[in-house]
(Lines of atoms letter the chains of each structure in order from A and count residues from 1; the text may use other names and numbers.)
(Lines give C-alpha, C1' and ligand atoms only; values in the text may rest on other atoms or scores of the structure.)
Protein backbone atom coordinates (compact mmCIF):
# COMPACT_ATOMS: atom_id res chain seq x y z
CA UNK A 1 0.00 0.00 0.00
CA UNK A 2 1.25 3.48 -0.80
CA UNK A 3 1.85 5.61 2.31
CA UNK A 4 -0.05 8.60 0.94
CA UNK A 5 -3.33 6.72 1.49
CA UNK A 6 -2.96 7.62 5.16
CA UNK A 7 -2.66 11.32 4.44
CA UNK A 8 -5.58 13.65 5.12
CA UNK A 9 -6.48 17.22 4.32
CA UNK A 10 -5.63 18.34 7.84
CA UNK A 11 -7.32 21.69 7.40
CA UNK A 12 -10.53 19.75 6.80
CA UNK A 13 -9.82 17.51 9.81
CA UNK A 14 -9.48 20.60 12.00
CA UNK A 15 -12.69 22.03 10.52
CA UNK A 16 -14.52 18.82 11.51
CA UNK A 17 -13.00 18.22 14.94
CA UNK A 18 -13.27 21.74 16.37
CA UNK A 19 -17.08 21.95 16.04
CA UNK A 20 -17.31 18.26 16.98
CA UNK A 21 -15.76 19.01 20.37
CA UNK A 22 -17.89 22.11 20.85
CA UNK A 23 -21.14 20.37 19.92
CA UNK A 24 -20.50 17.16 21.88
CA UNK A 25 -19.60 19.06 25.05
CA UNK A 26 -22.47 21.52 24.85
CA UNK A 27 -25.24 19.11 23.89
CA UNK A 28 -24.85 17.41 27.28
CA UNK A 29 -25.15 20.73 29.05
CA UNK A 30 -21.44 21.30 29.73
CA UNK A 31 -19.21 24.15 28.69
CA UNK A 32 -15.71 23.10 29.70
CA UNK A 33 -13.32 20.15 29.67
CA UNK A 34 -10.42 18.65 31.58
CA UNK A 35 -7.73 16.49 30.00
CA UNK A 36 -4.46 14.87 30.96
CA UNK A 37 -1.52 16.72 29.41
CA UNK A 38 1.36 14.26 29.35
CA UNK A 39 3.87 16.09 27.19
CA UNK A 40 3.14 13.72 24.31
CA UNK A 41 1.79 14.51 20.88
CA UNK A 42 -1.71 13.04 21.33
CA UNK A 43 -2.66 15.11 24.36
CA UNK A 44 -1.02 18.19 22.82
CA UNK A 45 -3.19 17.88 19.70
CA UNK A 46 -6.36 17.36 21.73
CA UNK A 47 -5.51 20.32 23.97
CA UNK A 48 -4.95 22.56 20.95
CA UNK A 49 -8.25 21.50 19.38
CA UNK A 50 -10.12 21.98 22.66
CA UNK A 51 -8.89 25.56 23.02
CA UNK A 52 -9.94 26.33 19.46
CA UNK A 53 -13.35 24.78 20.14
CA UNK A 54 -14.16 26.09 23.61
CA UNK A 55 -11.82 28.96 24.34
CA UNK A 56 -8.80 29.12 26.60
CA UNK A 57 -10.89 29.73 29.72
CA UNK A 58 -12.80 26.47 29.29
CA UNK A 59 -9.87 24.05 29.09
CA UNK A 60 -8.07 22.71 32.17
CA UNK A 61 -4.96 20.54 31.80
CA UNK A 62 -3.79 18.11 34.47
CA UNK A 63 -0.16 17.02 34.68
CA UNK A 64 -0.03 13.78 36.65
CA UNK A 65 3.59 12.62 36.92
CA UNK A 66 4.86 9.52 38.67
CA UNK A 67 8.28 9.59 40.34
CA UNK A 68 9.88 7.92 37.31
CA UNK A 69 8.29 10.31 34.80
CA UNK A 70 10.88 12.12 32.73
CA UNK A 71 11.53 15.82 33.23
CA UNK A 72 11.29 16.18 29.47
CA UNK A 73 7.63 15.11 29.56
CA UNK A 74 6.82 17.78 32.15
CA UNK A 75 8.78 20.38 30.21
CA UNK A 76 6.87 19.58 27.03
CA UNK A 77 3.52 19.72 28.83
CA UNK A 78 4.47 23.13 30.21
CA UNK A 79 5.45 24.18 26.69
CA UNK A 80 1.85 23.60 25.61
CA UNK A 81 0.48 25.40 28.67
CA UNK A 82 2.64 28.43 27.90
CA UNK A 83 1.75 28.30 24.21
CA UNK A 84 -1.99 28.26 24.83
CA UNK A 85 -2.24 30.18 28.10
CA UNK A 86 -4.54 27.57 29.63
CA UNK A 87 -5.13 26.77 33.28
CA UNK A 88 -3.30 23.74 34.64
CA UNK A 89 -2.81 21.75 37.82
CA UNK A 90 -0.05 19.35 38.78
CA UNK A 91 -1.33 16.23 40.56
CA UNK A 92 1.44 13.67 41.15
CA UNK A 93 0.21 10.08 41.38
CA UNK A 94 3.31 8.68 43.10
CA UNK A 95 1.82 8.37 46.59
CA UNK A 96 -1.34 6.68 45.34
CA UNK A 97 0.51 4.18 43.15
CA UNK A 98 3.20 3.38 45.70
CA UNK A 99 0.64 2.92 48.47
CA UNK A 100 -1.26 0.44 46.31
CA UNK A 101 1.85 -1.60 45.56
CA UNK A 102 3.30 -1.46 49.08
CA UNK A 103 1.79 -4.89 49.71
CA UNK A 104 2.36 -6.08 46.13
CA UNK A 105 6.14 -5.72 45.70
CA UNK A 106 6.37 -8.39 42.99
CA UNK A 107 3.90 -6.68 40.63
CA UNK A 108 4.95 -6.63 36.99
CA UNK A 109 5.63 -3.49 34.98
CA UNK A 110 2.37 -4.06 33.14
CA UNK A 111 0.35 -4.07 36.36
CA UNK A 112 2.15 -1.00 37.62
CA UNK A 113 1.53 0.80 34.35
CA UNK A 114 -2.16 -0.04 34.50
CA UNK A 115 -2.46 1.31 38.04
CA UNK A 116 -0.65 4.50 37.03
CA UNK A 117 -3.10 4.98 34.17
CA UNK A 118 -6.12 4.31 36.40
CA UNK A 119 -4.77 6.62 39.11
CA UNK A 120 -4.63 9.39 36.52
CA UNK A 121 -8.19 8.53 35.50
CA UNK A 122 -9.23 8.99 39.15
CA UNK A 123 -7.69 12.46 39.16
CA UNK A 124 -9.39 13.46 35.92
CA UNK A 125 -12.83 12.27 36.95
CA UNK A 126 -12.54 13.79 40.42
CA UNK A 127 -11.76 17.16 38.83
CA UNK A 128 -14.63 16.56 36.41
CA UNK A 129 -16.97 16.18 39.39
CA UNK A 130 -15.39 19.09 41.25
CA UNK A 131 -15.60 21.56 38.37
CA UNK A 132 -18.64 20.27 36.48
CA UNK A 133 -16.70 19.61 33.27
CA UNK A 134 -16.25 16.64 30.94
CA UNK A 135 -13.12 14.53 30.48
CA UNK A 136 -11.65 14.79 26.99
CA UNK A 137 -9.92 11.66 25.68
CA UNK A 138 -6.53 11.39 23.98
CA UNK A 139 -6.38 7.81 22.62
CA UNK A 140 -5.69 7.54 18.89
CA UNK A 141 -7.06 4.95 16.47
CA UNK A 142 -3.88 2.87 16.39
CA UNK A 143 -3.91 2.47 20.17
CA UNK A 144 -7.61 1.65 20.21
CA UNK A 145 -7.35 -0.97 17.48
CA UNK A 146 -4.33 -2.67 19.05
CA UNK A 147 -5.66 -2.40 22.59
CA UNK A 148 -2.49 -0.49 23.48
CA UNK A 149 -3.90 1.28 26.49
CA UNK A 150 -5.53 0.69 29.86
CA UNK A 151 -9.25 0.04 30.04
CA UNK A 152 -10.80 2.51 32.49
CA UNK A 153 -7.43 4.25 32.55
CA UNK A 154 -6.03 6.33 29.70
CA UNK A 155 -8.83 4.99 27.47
CA UNK A 156 -11.52 6.48 29.75
CA UNK A 157 -13.19 9.71 28.64
CA UNK A 158 -16.53 11.28 27.84
CA UNK A 159 -15.54 12.50 24.37
CA UNK A 160 -12.55 11.41 22.27
CA UNK A 161 -11.92 13.63 19.24
CA UNK A 162 -8.88 11.73 17.89
CA UNK A 163 -10.10 8.14 18.16
CA UNK A 164 -10.51 7.84 14.37
CA UNK A 165 -7.02 9.14 13.55
CA UNK A 166 -4.10 6.75 13.19
CA UNK A 167 -0.90 7.73 15.00
CA UNK A 168 0.70 8.61 11.66
CA UNK A 169 -2.18 11.02 11.01
CA UNK A 170 -1.78 12.55 14.48
CA UNK A 171 1.70 13.63 13.45
CA UNK A 172 0.31 15.24 10.30
CA UNK A 173 -2.41 17.05 12.23
CA UNK A 174 0.12 18.20 14.83
CA UNK A 175 2.25 19.81 12.14
CA UNK A 176 -0.82 21.49 10.66
CA UNK A 177 -1.83 22.87 14.07
CA UNK A 178 1.65 24.18 14.79
CA UNK A 179 2.39 21.94 17.77
CA UNK A 180 5.96 22.69 18.96
CA UNK A 181 8.60 20.62 17.17
CA UNK A 182 10.09 18.97 20.30
CA UNK A 183 6.77 17.18 20.91
CA UNK A 184 6.58 15.98 17.31
CA UNK A 185 10.20 14.92 16.92
CA UNK A 186 10.64 12.77 20.05
CA UNK A 187 9.89 9.01 20.08
CA UNK A 188 6.31 8.30 21.25
CA UNK A 189 6.22 7.07 24.85
CA UNK A 190 3.65 6.51 27.59
CA UNK A 191 6.49 7.41 30.02
CA UNK A 192 5.49 4.60 32.38
CA UNK A 193 9.11 3.82 33.30
CA UNK A 194 12.53 5.18 32.45
CA UNK A 195 13.46 4.66 28.82
CA UNK A 196 10.06 3.24 27.84
CA UNK A 197 8.91 3.76 24.25
CA UNK A 198 5.75 2.72 22.44
CA UNK A 199 7.45 1.22 19.42
CA UNK A 200 9.88 -0.82 21.55
CA UNK A 201 6.92 -2.19 23.53
CA UNK A 202 4.97 -3.05 20.41
CA UNK A 203 7.89 -4.45 18.44
CA UNK A 204 7.10 -2.47 15.29
CA UNK A 205 6.84 1.14 14.17
CA UNK A 206 3.64 3.15 14.01
CA UNK A 207 4.22 3.74 10.32
CA UNK A 208 4.38 -0.01 9.66
CA UNK A 209 1.32 -0.93 11.70
CA UNK A 210 -0.76 2.02 10.49
CA UNK A 211 -0.30 0.97 6.89
CA UNK A 212 -1.32 -2.59 7.76
CA UNK A 213 -4.33 -1.45 9.79
CA UNK A 214 -5.37 0.80 6.91
CA UNK A 215 -5.41 -2.19 4.57
CA UNK A 216 -7.37 -4.28 7.07
CA UNK A 217 -9.93 -1.63 8.05
CA UNK A 218 -10.31 1.01 5.36
CA UNK A 219 -9.44 -1.14 2.35
CA UNK A 220 -11.03 -4.31 3.83
CA UNK A 221 -8.34 -6.40 2.21
CA UNK A 222 -8.15 -10.10 3.07
CA UNK A 223 -5.03 -11.94 4.17
CA UNK A 224 -3.92 -13.02 0.71
CA UNK A 225 -4.28 -9.53 -0.73
CA UNK A 226 -2.35 -8.01 2.17
CA UNK A 227 0.49 -10.51 1.92
CA UNK A 228 0.65 -9.83 -1.83
CA UNK A 229 1.52 -6.24 -0.91
CA UNK A 230 4.69 -7.50 0.74
CA UNK A 231 3.48 -7.58 4.35
CA UNK A 232 5.21 -10.23 6.46
CA UNK A 233 2.88 -13.09 7.38
CA UNK A 234 3.93 -13.20 11.05
CA UNK A 235 3.49 -9.43 11.38
CA UNK A 236 0.03 -9.62 9.82
CA UNK A 237 -1.04 -12.44 12.13
CA UNK A 238 0.26 -10.71 15.24
CA UNK A 239 -1.54 -7.45 14.48
CA UNK A 240 -4.74 -9.25 13.51
CA UNK A 241 -4.64 -11.18 16.78
CA UNK A 242 -4.18 -7.97 18.77
CA UNK A 243 -7.16 -6.34 17.05
CA UNK A 244 -9.42 -9.34 17.66
CA UNK A 245 -8.26 -10.03 21.21
CA UNK A 246 -8.77 -6.43 22.33
CA UNK A 247 -12.26 -5.88 20.92
CA UNK A 248 -13.63 -5.79 24.49
CA UNK A 249 -11.57 -2.68 25.19
CA UNK A 250 -13.38 -0.82 22.42
CA UNK A 251 -16.85 -1.59 23.78
CA UNK A 252 -19.02 -0.56 26.67
CA UNK A 253 -19.83 -3.52 28.95
CA UNK A 254 -22.03 -5.97 27.03
CA UNK A 255 -25.60 -6.06 28.38
CA UNK A 256 -27.76 -9.18 28.13
CA UNK A 257 -30.97 -8.13 26.35
CA UNK A 258 -34.12 -9.04 28.32
CA UNK A 259 -36.59 -6.25 27.54
CA UNK A 260 -37.90 -4.31 24.56
CA UNK A 261 -35.71 -1.27 25.29
CA UNK A 262 -32.13 -1.97 26.35
CA UNK A 263 -29.48 0.69 27.11
CA UNK A 264 -26.90 0.81 24.35
CA UNK A 265 -28.87 -1.52 22.06
CA UNK A 266 -32.35 -0.12 21.42
CA UNK A 267 -32.25 2.95 23.64
CA UNK A 268 -29.59 5.35 22.38
CA UNK A 269 -31.19 8.73 21.98
CA UNK A 270 -31.73 10.26 25.40
CA UNK A 271 -30.96 13.68 23.98
CA UNK A 272 -34.25 13.51 22.04
CA UNK A 273 -35.94 13.79 25.44
CA UNK A 274 -34.14 17.01 26.31
CA UNK A 275 -36.21 20.16 26.42
CA UNK A 276 -35.40 22.69 23.74
CA UNK A 277 -34.82 26.05 25.39
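Cβ atoms here come from the backbone N, Cα and C positions, even for glycine.
What Swiss-Prot says about this one:
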BINDING   36, 37, 38, 39, 40, 41, 42, 43, 138, 167, 189  ATP binding site
BINDING   42, 143  Mg(2+) binding site
BINDING   118  deamido-NAD(+) binding site
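Residue 36 (ATP binding site) and the residue listed as 'deamido-NAD(+) binding site' have their C-alpha atoms 12 Å apart, to the nearest angstrom.
In sequence order, 138, 139, 140, 162, 170 are the residues near residue 42 (ATP binding site), counting only same-chain partners six or more apart with C-beta under 8 A.
Note on proximity: among 38, 40, 143, the binding-site residues of the record, the Cα nearest the residue listed as 'deamido-NAD(+) binding site' is that of 38. Between the C-alpha atoms of residue 40 (ATP binding site) and residue 143 (Mg(2+) binding site), the distance comes to 14 Å.
Here the Cα atom of residue 143 (Mg(2+) binding site) is found 16 Å from that of residue 38 (ATP binding site). Take the CB of residue 138 (ATP binding site) and look out to 10 A: across all protein chains shown you find 27 other CB atoms. Other Cβ atoms within 10 Å of the Cβ of residue 36 (ATP binding site) number 26 in total over all chains.
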